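**Student:** Take a look at what TrEMBL says about it:
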- 365: active site, proton donor (ACT_SITE)
- 297, 334, 338, 366, 394: substrate binding site (BINDING)
- 41-392: domain 'Orn/DAP/Arg decarboxylase 2 C-terminal' (DOMAIN)
- 53-301: domain 'Orn/DAP/Arg decarboxylase 2 N-terminal' (DOMAIN)
- 74: N6-(pyridoxal phosphate)lysine (MOD_RES)
Ligand SMILES: *Cc1c(COP(=O)(O)O)cnc(C)c1O
C-alpha cells in the first residue's frame, strides 16, 4: 500500500492543512474548487521557479561556458504564464504562429526564441524573420530552400540551427520518440541530409548558420543517449568544417507521474550534456559553444494539479468499482494517447487509508476515457474532490472541446494570492459556439 504522507509528486508547497485537507501554497483546494468550479487546474508558482532555478544552478555547476534554458511552450502556454516565464529569464521554444505571438506579447526577448516545427508556414517563418529570433530551426532540405527564398524576398539574414536526427533509439513511448531513422523530424545523418544542409547553409548569403540542434523525444530518464547524440552532432559538424557557436540537445527529461516512478532530478541530464559538449570541443581545440536546453514537461508538469469532482459511481458485473469525475479525455488526452499513468488523492481526506480498489473514469463518450484504470483510495462520495498531480504538462495544451466541454479555469498560486490565468470557457457567451459575424 502506498504511504499516505508521500506528496513528492505534488507541487513542493503541498501540505495537509489544519482541516485535514490538501492545500497548495497555503490555499485550501476545496475552497479553490468552490470558488472557481471544477475541473480546475492549479499551478504552483514556487514549483516552477524551483525547476527553473535548479537547471540554471546545475549549468553553473557543470558547464564552464555560456548556457541558457528555453521553455518548450507546447507543454502549457497562456499569456499569463508566458509573462511569468519571461520574467524568470527563460527563453522560449515555439512551434506555431500563435505561440510566436503570445511569446512576443509577453515580453520574451527575440534572442531567446527558437522556432521549431517540421512544416512551418510562410506566416510563421516571416514572423520569425521579422522578429529576428535566436534561431529558425531548419527541419528539412525542402524547408531550407523555401526559407532561403523567403529570407531573400524579405531582405533578412536568418539565424539558423539545423535540426539533426541522429537515428538513435531512446527508451520511451513510440509516440514521443523523435530521433530514430524513420522519424518525420529533422535532417537525418544516415542519408547524408545533415551534411548537405550544413554545406548549403554555410555558403548561403541569406543564412547565418549558428548552431546544431537535436531533440530525442520526451519522458526520457537516461542521460547516455544525449551524450551519444552530441557526439554525433560534432562528427557531422567536424566532417563539414563547421564550428557551432550554439548547441541545443533539445528537451525531453522525464518527470514522475506516480510514486512508483524513479527519481527525476535533472542533475544527470545537465552534467552529461555539459561534459559531452565540453569534451567534443576540447578534443577539437574549438571554443566552447553556448548550450541551450529546451525543457517543457520538466518545467511545468509537477507544478500543475487537476481538481475534479466525483459524480456517479457503479459496480460492473465483473466487480469493477467505477468512479466518474467531471473531466477526463477533453482536458487530459494523455491517457488515451500514450497510456499515461496517473495517481490521485481525495482532497478532503488525503491521509485516510486507501482501502478501496476503483477505476476513475471521465465523463466523455469514449470507453478510452479512463483517467486511472486501477487505484486504491479511501471510499469517496459524490461531490468530493480528487486531485491529480503531475497535471501541468501536455494536458491543457492538448485539451479539446470534445462533447462541447468547456475548457477549465486555470489559477496560479502564490502564498496569500490566487491569480486567474484562464477563465473557464462559458457556453452561454455569444461567440463561444455560435458564429456571430
Ligand atoms: C517538445 C519539444 C521539446 C520539449 O520536450 P519535453 O519532453 O516537454 O521536455 C523540446 N524541444 C523540441 C524541439 C520539442 O519538439
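Backbone N, Cα and C define each Cβ position, glycine as well.
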**Student:** Do you know which of the recorded positions 297, 334, 338, 365, 366, 394 end up with C-beta under 6 Å from ligand 1?
**Tutor:** 297
**Student:** Going by Cα-Cα distance, which of the recorded positions (338, 365, 366, 394) sits nearest to residue 74 (N6-(pyridoxal phosphate)lysine)?
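**Tutor:** Checking each of 338, 365, 366, 394 against residue 74 (N6-(pyridoxal phosphate)lysine), the shortest Cα distance is to 394.
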**Student:** If you draw a 10 Å sphere around the Cβ of residue 366 (substrate binding site), how many other Cβ atoms fall inside it, taking every protein chain shown into account?
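**Tutor:** Around the Cβ of residue 366 (substrate binding site), 15 other Cβ atoms lie within 10 Å.
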**Student:** Would you mind checking how many other C-beta atoms are within 10 angstroms of the C-beta on the residue listed as 'N6-(pyridoxal phosphate)lysine'?
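**Tutor:** Looking across every protein chain shown, the total is 19.
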**Student:** Once the chains shown are all counted, how many other Cβ atoms turn up within 10 Å of the Cβ of residue 334 (substrate binding site)?
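**Tutor:** Summing over all protein chains shown, residue 334 (substrate binding site) has 18 other Cβ atoms within 10 Å.
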**Student:** Just checking, which of 338, 394 (binding-site residues) has the fewest C-beta atoms within 10 Å of its C-beta?
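**Tutor:** Result for the binding-site residues 338, 394: minimum number of other Cβ atoms within 10 Å at 338.
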**Student:** Tell me the Cβ neighbour count for residue 297 (substrate binding site), meaning other Cβ atoms within 10 Å of its Cβ, over all protein chains shown.
**Tutor:** 25
**Student:** What Cα-Cα separation, expressed in whole Å, is found between residue 334 (substrate binding site) and the residue listed as 'active site, proton donor'?
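**Tutor:** It is 16 Å, counting Cα to Cα.
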**Student:** Tell me, how many other CB atoms lie within 10 A of the CB of the residue listed as 'active site, proton donor', whichever protein chain they belong to?
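**Tutor:** Within a 10 Å radius of the Cβ of the residue listed as 'active site, proton donor' lie 9 other Cβ atoms.
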